[in-house]
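Colleague: So Swiss-Prot has the following annotated:
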type: BINDING; residues: His108, His112, His118; note: Zn(2+) binding site
Amino acid sequence: MHTIIELDNQTTLNVDIEALEKIAQSLTNREIELIITDNENIQELNREYRDRDNPTDVLSFPLETPFTEQSVFDIPLGTIVISADFVRERAKTYGHTEQDELKLLFIHGLLHLLGYDHETDEGEMRQKEREIIEEFGLPSSLIIRND
């Protein structure tokens, strides 16, 4: 299996990188940087890049490139930043594992890197999330939350 996720885990959260790789490879063959951080650091990024001064669950930073055929040039897709604090809190709240919550946030971030935007696409991104959640046998509590 070709590794496409470059992991920078700045926390103690356990990360099932093989499971995330399978999800990523079902959607792209381009490299993805995945940063797992805490609420303090993600709040700083949220403030700097989105003008929102609060922590959030996941941020995506697509790599802008002038090429039309990006995959030909092996250019990375971008960076996904996930808050381990949110992963732990939401897993507890919704009654599923931290790994399942991490997978959901990874899927959400990856779809943003691929150009989906739930704020403007009339449900297209949510539908794609649902399909991936079902394809990988993730708990229905992840789907319900996204409706």
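Even glycines carry a Cβ here, placed using N, Cα and C.
What's the neighbourhood like for these features in this structure?
Modeller: Remark: His118 (Zn(2+) binding site) has Met125, Arg126 as non-local neighbours, by Cβ distance under 8 Å and separation of at least 6 in sequence. Look at His118 (Zn(2+) binding site): DSSP puts it in coil.
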Colleague: So of His108, His112, which of the binding-site residues has the fewest other Cβ atoms within 10 Å around its own Cβ?
Modeller: His112
